[in-house]
Each structure stands twice: as structure tokens, then as C-alpha cells.
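Structure record follows, encoded as C-alpha cells.
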Ligand SMILES: Cc1cc2nc3c(=O)[nH]c(=O)nc-3n(C[C@H](O)[C@H](O)[C@H](O)COP(=O)(O)O)c2cc1C
Ligand SMILES: CCCCCCC(=O)C(=O)O
């Protein structure tokens, strides 16, 4: 059978393979899923206004982020529970990311321990995503594990002081991993697996404590408000990710790409600004970069690739997006992803 030739087709293939409760966990969002839909729809409302006769035979796609090189400006966003999608789980995802020469942000809620992910994918450029735990000693243990695994950055998720309310999970009664799977990073020194806890009282002081705890660059994920972006600069943050958690946390917040220009303006080039949420096509990547993103992350597209065809599926999704970015750049008359400006995008009035 013909392999899927778009993220959309990968989603259909994944859906056909996954247990419906697991598909809904991956696909779903919070509340009425207004933001979930908005993330994709907002890209559709932005029109590209290409230039002509300015192309290059081979446009430049590579980006360097916090010292890590990616062959294309499309990173693997952190997503939990990859072994629900494929038995090889995060090992397969990391191998595919390494083969595609991009950065994978490993979720703290991964079903393979971050050290084992690193060992399974030599050469992979890994960053580690952290939910600050109410127990500071356990948070520190997680940071040390990320450092020992060779991760290049600590991605602190700021949009989840509590878990979003997701009706699809309620309908299926999906609240936990099935027997045999667990969040492997959550083992304490005795080997016991702790539950992931959310920290309703998470604050800027936690970011300061992390800044004192590690020399890894800290990336703050889940920033939407320009004032928070400005404030982050005073707390030693090395990059920001404009994200609404794929519409899974607070419903009815703006689409990620709608929030992007305000954050980009607020930080005024002092730190890289990344975006995730709703990126499904190379043209979405160009729009985000034209509006000031240094790169984008993809969450569900990677999970669809993994569920559809394991490592090969993730590789194909990443390769497809890369090829689409290359074509879109050429069609826009741009020689490099670094040459894109806001004049490439017509925003609706
Ligand atoms: C199934 C799933 C699990 C996720 N798990 C995490 C996580 O563990 N940590 C985190 O910071 N974000 C998590 N996210 C949010 C993603 O990092 C990212 O913000 C979002 O998926 C981007 O939207 P997209 O799926 O439209 O690309 C998760 C998203 C999904 C869909
Ligand atoms: C109790 C485990 C929580 C994992 C959260 C993963 C996540 O962020 C998501 O959106 O789902």
C-alpha cells in the first residue's frame, strides 16, 4: 500500500491502528476544543505573499538553537506516552529524529527513561522537558538525569499548573497508563515509580531555583502573554516556546500563531522564540518563521508517524515536513529560512 503522503494521511493511518481511547488521548484537547481547532485554523487564515525571481538552487533550511544544529527548523515537541503508540516508544522517535538531524524534546512523561532514549539513539540531539514537581529534591533528581543523559537544554513547561480538563479522556475513563507501562523518568532511587504531580503554585521563583541548579540553558514553554515573555528575560531564560500545549490546557486561549507576534515583539531578538501548535504543513513553518519564530515544534504529527509505522513513520513525517518547507521556500522566492520577514504574510484585518 502507498505510504501516507501528508500529516493528515498519517493521522488517518494512526487512528486506524490505535485503541480509540489512546487515539482520543493523543488527538484531543481541553474543554470545547476551541483552541485545539484554532491552532490549525489560524494558519489557514494567514495568506502567503510570495516574492518572485529570488530563489536559490538549494535553499538553506538549517538552524542552530542553543548550540544544537537542526537540519530543518522543525523540532519534535515533547509528547507523553509514546509506547502507547508503538512498542519501541521514545526510542523509535529519537532514532528518527537523529536520522532527520533534528532536535527531540523528550517528555518527562516518556515511557522510556531519558537515559535509555539517549543510549538507543546515538547522535540524537535531545532536550528534556520538565514539569516542576512539588518535591524540590525530586525535581533536582530529574534535572540530574537529563544532564547525565546529555540533554542540551531543560524545557520547563509553564502552562500546566494543573492538568487540562479533557472530555475525551473522561468519556473513555482514560486516566492512567495500562499495566506494563509507566513514566520511567519518575523512578526514585529505590526504583519505585512516583506519580507525576502538577504544581498549582509554580512561580518565577521555581525558574530561579532551576537556574541556580543547572548550567543547562532553560527554555520556557507555554508562554502566550508578551508581559510574561519580557519577564522571563529577567530570570535567565535562554529561549521561549509560544505554545498553548496543543489546545490541551486552558481552552479558548488564542492560537499559538496568533500569540506569536506579541511575544516576538516583547523579547525584541534577545532570545530565540519557538512556536508549537497546529503546524501540519511546510507553509505553516514558513508563516511562523516569517512572524519571527526561530523554529517550530510538532507534537501530534510525530505521534501519528510513530503509531502508523514506528521509527520509519516518524522519519517520514519529519522528512515530509522538511521537503514541504524546502518547496515552500523556493516558491516564495526565498534563499534561506533566515531571510523570511513579516511582509511574506498577509494577516486578516
Ligand atoms: C499527546 C500529547 C502529549 C503531550 N505531552 C506533553 C508533555 O508531556 N509535556 C509538555 O510540555 N507538552 C506536552 N504536550 C504538548 C506538546 O508539547 C505541544 O505543545 C503540542 O502538541 C503542540 O501542538 P500540535 O500537537 O498541534 O503540534 C503534549 C501534546 C500531546 C498532543
Ligand atoms: C500524569 C501524567 C501527565 C502527563 C501529561 C502529558 C501532557 O502534557 C499531556 O498534554 O497529555
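Using the three backbone atoms N, Cα and C, a Cβ is placed for every residue, glycine included.
All annotation found in TrEMBL is predicted automatically rather than curated by experts.
The domain 'FMN hydroxy acid dehydrogenase' annotation in TrEMBL covers 1-349. The glyoxylate binding site annotation in TrEMBL covers 25, 131, 166, 245, 248. Sequence annotations record features per position, and here TrEMBL assigns FMN binding site to 78-80, 107, 129, 157, 221, 243, 276-280, 299-300. According to TrEMBL, the active site, proton acceptor annotation covers 245.
Proximity of the binding-site residues 129, 131, 166, 280 to ligand 1, judged by a Cβ distance under 6 angstroms to any of its atoms, singles out 129 in sequence order.
The Cβ of residue 300 (FMN binding site) has 22 other Cβ atoms within 10 Å, all protein chains considered. Long-range Cβ contacts of residue 78 (FMN binding site) within its own chain (separation 6+, distance under 8 Å): 105, 106, 107, 108, 129, 155, 157, 221, 299. Of the recorded residues, residue 25 (glyoxylate binding site) and residue 80 (FMN binding site) place their C-alpha atoms 10 Å from one another. Most buried of the binding-site residues 131, 221, 280, judged by other Cβ atoms within 10 Å, is 221. Within the same chain, residues at least 6 positions away in sequence whose Cβ sits under 8 Å from that of residue 278 (FMN binding site) are 38, 39, 40, 41, 42, 43, 246, 255, 256, 257, 284. With respect to ligand 2, the binding-site residues 80, 131, 166, 248, 276, 300 contribute 80, 248 as residues with a C-beta closer than 6 angstroms to one of its atoms, given in sequence order.
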